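According to TrEMBL, the protein carries these features:
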- C:44-64: transmembrane segment (TRANSMEM)
- C:100-118: transmembrane segment (TRANSMEM)
- C:127-149: transmembrane segment (TRANSMEM)
- C:175-193: transmembrane segment (TRANSMEM)
- C:214-238: transmembrane segment (TRANSMEM)
- C:258-276: transmembrane segment (TRANSMEM)
- C:283-304: transmembrane segment (TRANSMEM)
Amino acid sequence: MIRVTNLGLAIDGKTILHDISARIPPQGLTAVIGPNGAGKSSLLYCLSGLTRPTSGQVSIDGADITAARTTDRARMLALLPQVTPALPRLTVADLVAFGRWPHHRGRPNDTDRRIVAQAIRDLDLDDLLDRRLDTLSGGQRQRAFIAMNHAQSTPWMLLDEPLSALDPRYASDIMARLVELSRPGTGRAIVVVMHDLAMAVRHADWVICLKAGRLFRSGPPSETLTGAGLSALFDTPIHVEHLRGRPVVIID
Amino acid sequence: MADRSLLILAAACAGAAAVYVAWGLQGPYGFILSLRATRLAALAIVGASVGAATVIFQTITANRLLTPGIVGFDSLFVLIQTLLVLGLGGMGYAALPAFPKFLVEILCLCAVAVALFASVLRAGSSDMTRLVLTGVILGVLMRGLTGFVQRLLDPTEFALAQAATFASFNSIDPVQVAFAAPILILALLLAWRLSPVLDVALLGRDGARSLGVDHERLTMAALAVVAMLVATSTAVAGPVTFLGLLAASLAAAALPHWRHAVLIPGAALTGALILIVGQFLFERLLGLQSTLPAIVESLGGLVFLVMVLKRRTA
Amino acid sequence: MRGWTAAGLALGVLVAASLGIGAGDLSGADGGQLFLASRMPRTAAALLAGAGLALAGAVVQMAVQNRLVEPGLTGTPESAMAGLLAVTLIAPGTPLLGRMIVASVAALAGTAGFLLLARHIPREDPILLPLVGLVYGGILGSAVTWVGWTTDLMQLLSSWQLGEFSGVLQGRYELLWLIAGLAALLYAIADRITMLSLGEDRARSLGLDYRGTLLSGLVVVAVIVAAVVVTVGVLPFVGLIVPNLVSRWRGDNLRANLPMIAAAGGGAVLASDVLGRVIRWPYEIPAGTIFAVAGAVLFLWLLYAPGKAPRRHG
């Protein structure tokens, strides 16, 4: 379980996050939602240990993440940052292999190679093995990066808006794979910062709602992703209806 | 309003010039006066032509970061001179009558610059930073080619050609100043005639064309004027890269007007003022003869960096 | 594998040409002496300098995640020169190794300054960064030139500013063998350097000591550039062109490509040196001059090359 206690973050004197306390269950998919500028990415980076909070604590499975050694941290959680415009000309195989780096630090063994091969298979990248990242489509590229994080074999995977800039087909494909990767029994929990409420409503097992740098609400979708809750979160009328048994978000 | 700012600038220039000429004047008056007057004329010509050229060039490239020097206009001029030395031989080059030679060099620069930059501008019109980098690399290429051609020369010819590749106000040739002045005045007159159309060109290529401006022709004409101005300043003092950026930005900040009829003379006056005041400070007060070009170039470079960093937030 | 054979053959031909071509006559009485004292060192120096600069370019490009950057566009050689100039002025008796250390430290500081600057430049526009680097290096360079000018060290300075190999003799180039050691070190940390190219967040999330890796990469770059500047002078564009061409062909995995980058860099510089010896026989054109022209043309090609525009992939 990730436990956030009284977390605060200020950058250059500007408060980004304010007194956030929440917990994230150690299985399934947790969605972090909220209006633009609410501090979603900042929270994710605090969880990942890459950003040191100004106050408060983040503990992952009982260990203080800011105190963890770099390598231990990289074995505990994998982070998928937003897509950067500059991509190295690495092949997909090269990239996914880097996911094992925290484990072997430069000396891969057979286990590492096996896990890399498995990760490539799990994300259906076999046909793209020798392709370079800069020649892939947006959806394929995102799959390759997720495969790298998958190969990192961490109990936690944190993703910062993995669906942005993807068309609906790729977005739902990526989302389905994330659900697959965080299925009960895989020993992995996934935290995703996302904008797409329809995706959150359909796939999230737990939801953290941020508004203006504070925790607005957190809990299972049945408590958080309601019409009233979302309307108040986004300051705009939102309804959640059921269509053929599935929840659907309607924005007025 | 605008006219008053121009008048103030002109008065400042005249004042600086007077102080520069008269400061600590001792006999023999005639000799010292003519020496100082020549250098003053050189400073004013270089400052004015670089300032005016930069404003025009920034308008037709729609980019406030560029100067003709950054994209290698002046290196192109030096390259043409060097090629002439190569083609005619050192003796032949030196034997040519000076004024026609200068005219030929200017015409060559106009032709090559218009051909080269007009095609680059057309190819890169959609992508400004790429255009800038292209220009910068063209500048590097020109300097490289110049160095290359110089190496093809005999050692004696080499010395002749190499003298032209460094900016300096120390050894001014009065004859060159005498040629340069009328060319500068002609170029400024042409620029003044272009200025209403240049105002429209501020709307960008498509905006100007929708108002009936023949943008292609304007670009050619403006590039030709820029080439004349650059040739003038390079012939007098050698290549300067960033002075124009300093002059154009200061003029734009000081003048309340964006119209080219004001901005071009304003930048010309600002450029001249910078050089005269700078030379006065370094030569007379600090006793540093050769410092001015380096300082002006560094300051202009800093202006460039600040503008790039500021653009980030814009 | 065929690529490797072809590259090896080309390199072999170049080495043979370099050993055989020159103003002196090898078949004369002192031919053996000439071969050992001049031709061999010259060939080795060109290979080492080229390999070193190409590797340095690859490291810098990964460190700033921008393909259009090289040590010459990060103020590195200019700061190395500043360090050398400072040693010459303050402690003229310092032995070569001491000079080298000061130059490396200065180069490291200058490059770090560029990196700090680069943090404030938006990544979306990869073309802006080389432009800023050019100006940054220009400012440093004009400061160095000014100091050199006022202290009468221009002669010394110009030997650093233009790379050439005609002065390379046995006993005066051995410092360059440092590069071979640095290349081996680079091979040992190649994976870490490649991870830099994934960006700071990804690299750190993989458990990489980002700052430490960046620092070791920059130290390697600084020492290579300082060694090249001290012994043969600046060679522009090598670090830019060679890694880019290799990367287009074979991608960015540094461990896999390191030998190829080194070989291509050494070969390219050796080729321009051999060319420089032949074009204007029996005079020599500096390799740096030849590379400036060829490099600028290749850079423009990289900037506009169809399909794989560096714009998108940085």
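Every residue gets a Cβ built from N, Cα and C, even glycine.
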State the residues, same chain only, that lie 6 or more residues beyond the ends of the transmembrane segment (C:127-149) and have a CB under 8 A from a CB inside it; answer 'none' if no residue qualifies.
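Result: 64, 66, 68-69, 72-79, 81-82, 85, 89, 110, 113-114, 117-118, 121, 156-157, 303, 310-311.
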Taking a Cβ cut-off under 8 Å, which residues six or more beyond the ends of the transmembrane segment (C:283-304) line up next to it in the same chain?
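For the transmembrane segment (C:283-304), the sequence-distant neighbours (Cβ-Cβ under 8 Å, at least 6 residues beyond its ends) are 23, 46, 67-68, 127, 162-166, 233-238, 240-241, 244-245, 268-269, 272-273, 275-277, 310.
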Please work out which recorded stretch in C:44-64, C:100-118, C:175-193, C:258-276 has the most C-beta pairs separated by under 8 angstroms from the transmembrane segment (C:214-238)?
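Comparing C:44-64, C:100-118, C:175-193, C:258-276 against the transmembrane segment (C:214-238), the winner is C:44-64.
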Which residues of the chain, 6 or more past the ends of the transmembrane segment (C:175-193), have a CB below 8 A from one of its CBs?
44-45, 48-49, 51-52, 55, 59, 62-63, 96, 100, 208, 213, 216-217, 220, 223-224, 227-228, 230-232, 254-255, 258, 262
